[in-house]
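Written out below as structure tokens is the structure these notes cover.
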Amino acid sequence: MSHNHDSMGSMGSTAELPALTEFPKFYYAVVGCAVAVATLVNIHTYVLYRQRLSTARAGAQTPAKPKSWFSLWNATLFALTREASNFSVRIPLKTRMLRLPTVGRTSLIVANAIVLVVLCLYGLDLNNQFTREDVGYRCGVVTVGQLPLIFLLASKNNLIGYLSGVSYERLNWLHRWCARCMLLTATMHMGWFFSAWAPYNYIGVQLRENELAWRGLAAWCVLVWIVFSSMTPIRSWCYELFVLQHIASFALFLYFVYIHTPAELHIYVWIAIGVVSYDRVLRALRFVYANISLFHRVQKKEGRMQGVWACEAEFIPLPHDTTRIVIRDPSIGWTPGQHVFLSCQSIAPLQNHPFTIASIPQDGVMEFFVKAQRGGTRRFFSYAQKAHSSLEAASRTKPVTIEGPYGTLRLLRQFDSVIFLAGSTGATFTVPLLRDILQGWQQNLNPSKHTSFLHPHIGAVTRHVRFVWVVKSRRQLGMFSEKLSTVCADFQALQDTLRYIKLELTVYVTCDEAFTEEHKSLLSGVTVLKPMEKTSEHGVVELRNRSSSSSSLSEGETEKKAHETHILQELTPPRNTCGQNNTCCCRTPIDEITPAETTAPCCCHKETRSPSPSTKTTSLSSQQKTFLHPSIQVYSGRPKTRDIIRRSLEQALGESAVVVCGPQGLVADVKHDVCLLSDERAVHKGTGAQGVYLHTESFGW
């Protein structure tokens, strides 16, 4: 950010130091090295995935276990890096746990800041008052040089993400911190000039009379606002408003930078504009293809698409202010774990929200479960309630637009053991991944199939899958109860042939102790009669009849009822309870080995109590079935995530994966547990313990 173009030219001719315009190139040389390392890691993980699947098809017993000296050395390096990068310091406070950023993120940002400061100050005399403007010039050039990187990290389609295999949302935190580093060097640029002018009381004169000075100050003020408004509390307060003002602020910032800098630095402004333009054009092309029926002639010819728009969605209200959005015959494909940006202008104008796809492509539908917060998601739920009560089926669907899909993670079929942990609607991320592994097992039954370079996703290395879902009450289970029951049934059919695979599914209910007691009673076949005058309806559960025998039902009854509906009731709701619908929030961690010995106290009471059959009863009949598949374990309380992960890792015969999606507290706890277990078990340090890959997804912007 030069204030004197001639002075910049004289500095560039100094024999001892490179020209000013060379220093941004030095910065991108360092950035390029970091991206190259990430690219090599991405290539290595893909080659490893292909090698493991190939080894498994050849009949190897432990394809996910490193055997050669190079593989062992590489696995040890990865284990040490993961353990260090995922570790974070936790400071316990009176009412909460303060979690500092992870070592990996902190190291990356500190390294970036050090490189920038060194480039700003290298070879300059910082004690000489007459060279302070020279330092200011250098800092300004380095500041402008950071613009392309910041805009690149903000793009949904960016080169860094393609090369490293990291999706845009996982680079967004780096975008914010790089902007803060740019604010640091911009402040240094301004500070060195002010320190040179201050001894002569010249700051005010420069700002009044020097156009370059006030333009630079204006650019700095806009950058301060951008960084301030991007902080989490402000960003999440009203995200739609944040996006609009963020785009406008950066446009204004680029304008002030352009009129503040000399012509030889304008290239960095134009590169930043080019990055944004490329991203927007590519997104527009993908948007048009996904949402205009003209590009999907087969579906249109078959009558599955009508009108101009390719996607129509049905909005269905669910308990806990959740909306189920279903797009039938979607116009695009996706892989499990990805998300799209969905908008419905007739319900929530000018809003575009990212939602995880809760289905897999083989379902033939694109399904979302959206928790109503405020703004657009609340409008979706309100419309679903109104449409659901309408008698006209056509009024339940609306044209929608989608953009995507986005999101990447390592393919989980390559791991020996996979542990899924989901909180609430986090199951929209983990359930499709679980079903994808099940499909891999089904593909293992046909070893004659071969893969190609373009279609390598055949089969699965995975032996053991552990799935844990934490919900508040039974009403949330309706989102995936049928899919999980299908998974259990399909798995039991596979076990007859693939005897080496193992699947464990567990549900933790934190605010509905009555349900766990009813579920246990249903499983044990105990019938408890209840006084009808004291009962109150607690919820309606719809179950698919999977019985192969229909001897107990007449043919007319079979056609009339495709599902069996059972009303789960409780005798007397707990008093002074804190959960929804007079339920009790049980926060006690439950030990799965000895659950009966763990007392689950109500967090609303000081006294400890354990539920008994005398306080909660269930009406059963000979034909009743449980809400969940009998093989799914149900507990009242919260999981001990460290014990769950430890037991899975102890039986692993190769590299394992831990995938968690849910509230930030759950994600932070799981990340901490994985780090401690890796250190405790001395992964790849001579103990025989195998590596652990961790993938986290948390709620929030």
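Any Cβ shown, glycine's included, is placed from N, Cα and C.
Automatic, uncurated: that is what TrEMBL annotation is.
Over in TrEMBL, the protein carries these features:
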TRANSMEM  26-49  transmembrane segment
TRANSMEM  103-124  transmembrane segment
TRANSMEM  144-165  transmembrane segment
TRANSMEM  177-200  transmembrane segment
TRANSMEM  212-229  transmembrane segment
TRANSMEM  241-259  transmembrane segment
DOMAIN    305-412  domain 'FAD-binding FR-type'
REGION    537-568  region 'Disordered'
COMPBIAS  557-567  compositional bias 'Basic and acidic residues'
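Contacts between the transmembrane segment (103-124) and the transmembrane segment (212-229): absent, as fewer than 3 C-beta pairs lie under 8 angstroms at sequence separation of six or more. Using a Cβ-Cβ cut-off under 8 Å and counting only residues 6 or more beyond its ends in the same chain, the transmembrane segment (212-229) has close neighbours at 1-3, 140, 176, 179-180, 182-183, 186-187, 189-190, 193, 206, 235, 242, 245-246, 249-250, 252-253, 256-257, 259-260. Here the domain 'FAD-binding FR-type' (305-412) has, by DSSP, the following mix of helix, strand and coil residues: 22 helix, 40 strand, 46 coil.
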